[in-house]
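Enquirer: Attaching a single structure in structure tokens format; questions to follow.
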Amino acid sequence: MAALSIASTGIVLEVLTKDNYENWSTLVENYLVGQGLWHGIVEGDSKIDHYKPDPDWDWISKNSKALHAIQLSCGSDTLGKIRQFKTAKDAWNHLKASFSEDVKAYPDIEQGQGYDRNISKLHSDVKKGYWNDAKSYIINNPNAIFQTSYSTGRTVLHIAVAAGQAKIVKELVKIGNQRLLKMQDKWGYTALALAAELTDNKKIAECMVNKGGKELLTMKLKTKEDDDIGETIPLLLALAKGHREMTRYLFSETPWSVLLEHKDDYGPKLLSGCISAEIFDVAAALLQHRVGRELPLNHRCDHLRPLYALAHMPSAFRSGVKLGWWRGLTYKLLILQRYINFKDKSIQIVSHVEPDEGPKINTLAGKVCKLFPISLSIKLVGQFFGWFHLFVQTSMLLKCPAIKKVYEMKMNHYLVLEILKSLRERISTTTRETDLHACSAYDSMLQAAKYGIIEFIDSMRRANPDLLWAIDKNKRGIFSHAILNRQEKVFKLIHETKGLKDMISFREDVFGNNMLHLAAELGPSSVLGGISNAALQMQRELQWFMAVKSIVPPKCEEARNKDGKKPRELFSKTHEDLLKAGEKWAKDTAGSFTVVGALIVTMLFAAAFTVPGGNNQDTGKPVFLGKDVFSLFIVADAFSLVTSASSVLIFIGILTSRYAEEDFRSTLPIKLLFGLITLFLSVASMMCAFSAALIMMLKGYRGLIIVAMLLSVIPVLVLLPTQLQFSFEIINSTMRFDFLTDKKKRSRD
């Protein structure tokens, strides 16, 4: 808000939006001209070099002032889009391109082309898919396929590829020869390179590679003028656009000698790019190759190195994915193939299955054979069922889209573990501190702690235990990030690491916060959002605070940070809104259930004195007294009355609670749980009483009785799923085991 206010009153009337660029740019330009910061700065040369022997410090100073004025005037939302620019000219041009409505049309590599008149008709027919017309023209003019457009330098094959006309591409490849396939447009693109960049249809690439040979894959291409990445090859073009199938195919065809040439960095670019694009099978195959294991790990792709890219992908690991019961069962039962073949670039998955048992160890029969010393014949039966399982999975199960998606997820998880295994072996042999920093090993550990990637942290700490001491600029380490982001598994792993907990529990960050202060901060929305209501969110926050409190020294409870706050004081301040939301939710829920319970009490109390069949006029006793069905009616009615009255009293107790912080830890959740249980029992027993009354009143009308009883089950079935889910959530949240350690282990520490 401060930046917005300054910008609005200082340079412009309002910060930059999509609707006011013309007015905004006029005001900012006038301001910069008046300050002597326009000519030679925004309109001048934007090149800057601080490392020249005599840098132009006057120009650097003016550029910084102009850039600051532009940043200040564009507002906080737009600032994030230009903060990477170092010169005012680059920032100004970026904003102009993003917000200005003054747009001019230029020929585009993907879409419009300029044509020479003599071949425009041919290119037009190919683009529209009129192959017969195009073929007739080529027969009459054989050299037409080699003619290029003056404006783009493209042949008819380029046009067919850009238009996605796979059938025409195949026909043109048959008619043409290697000369056609090797021809490049004005940007240096062959038809294969264009196919790699524009489409994920590998069949288009296959026909060209089969005709033109490996030379097409190894041709170094000069990229477009606006792509400052130098020379490249088709494989990297497909990878840059995220074309998975095209990348896999070109990888299988591209020779190892090209990929592993260190002078061109194709291998490191491929590794970093595949991890960032989540094409894990190619990355795993690259790392499992003999030479690939020596690739440098300090190459960036989209500003991410391989280790750092993995640490940003919690969903690529099993710990980062929550599966329902049926998906979890499917995940466990699916068998993964041992090899993924890219011709001579196969991937062997060896670190997560037994090497000598075959597919059967992933089945129930295989696991039984593995655990018990049974005879060879039984083992053969188990192996047979293992192969049968694999056959059924391949021929039937994987044709179901939902199961196939789970299979692909599991395969990706295993491939990532293979990648992680290879990277761990590299890290274990890296001893120099500068090399570890260069490949972002320390930064990756902090990111993995933030996202809760327990597999990554455990693997890297086995490779180099010193990585556990990584800290950021605020002097917060892995332990601190695990607490801040409520990552239980990471917290438990570090807590159980011998000696580490005691050494880091005294640490403070640059703000004077100890571990208990960090636990007092409000948990991230990504974690709290997974909990259904504010009351249980407050409960989880209290559990975290008490868990951390149990392992830090007592003096940490009274320590104050640089804001002068103790951990408990900070907790109360940061959770003030959550406390109010939890109180409101608890009152609303208890109020709703109280009304339901009161209605049930009213009906059942009246039903007890107006029994079915009425009373005997002579004795005053119920007509059906002494019959079993009448006894069932009375017992069910009484039980329902008692349980509904109990639920009403419990919910009234919730409504009148003081709603202190500690109440949310166990008192309120337990009351709510018992209230839900008694209310459900009340509804179920009320339906039993209703059914018994129908049996007495409609004796002899069996059909009506059955229909009425079936209908009476509907309220119970409607209530049961929601009640059970809610009750189990409360039980899991309240009664669950301490996620740190048990009492015995804690006492040993």
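Even glycines carry a Cβ here, placed using N, Cα and C.
Annotations per TrEMBL:
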- 583-696: domain 'PGG' (DOMAIN)
- 152-176: repeat 'ANK' (REPEAT)
- 384-402: transmembrane segment (TRANSMEM)
- 590-609: transmembrane segment (TRANSMEM)
- 629-652: transmembrane segment (TRANSMEM)
- 672-695: transmembrane segment (TRANSMEM)
- 701-720: transmembrane segment (TRANSMEM)
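Surface or core, plus neighbours and distances: that's what I need for these features.
Expert: Residues 107, 109-110, 113-114, 119, 122-123, 126-129, 131, 134-135, 138, 144-146, 183-187, 189, 191, 194-195, 198-199, 201, 203-204, 207-208, 211 of the same chain lie 6+ residues outside the repeat 'ANK' (152-176) yet bring a C-beta within less than 8 angstroms of a C-beta in it.
For the transmembrane segment (629-652), same-chain residues at least 6 beyond its ends with a Cβ under 8 Å from one of its own Cβ atoms are 590-591, 593-594, 597-598, 600-601, 604-605, 607-608, 611-612, 622, 671, 674-676, 678-679, 681-683, 685-686, 688-689, 692-693, 695-696.
When Cβ-Cβ distances below 8 Å are used as the criterion, the transmembrane segment (701-720) is approached by residues 680, 683-684, 687, 690-691, 694-695 of the same chain, each at least six residues removed from its ends.
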Enquirer: What is the three-state DSSP composition of the domain 'PGG' (583-696), stated as helix, strand and coil residue counts?
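Expert: Here the numbers are 89 helix, 2 strand, 23 coil.
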Enquirer: Express the predicted model's confidence over the domain 'PGG' (583-696) as a mean pLDDT, rounded to an integer.
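Expert: Reported value for the domain 'PGG' (583-696) is a mean pLDDT of 86.
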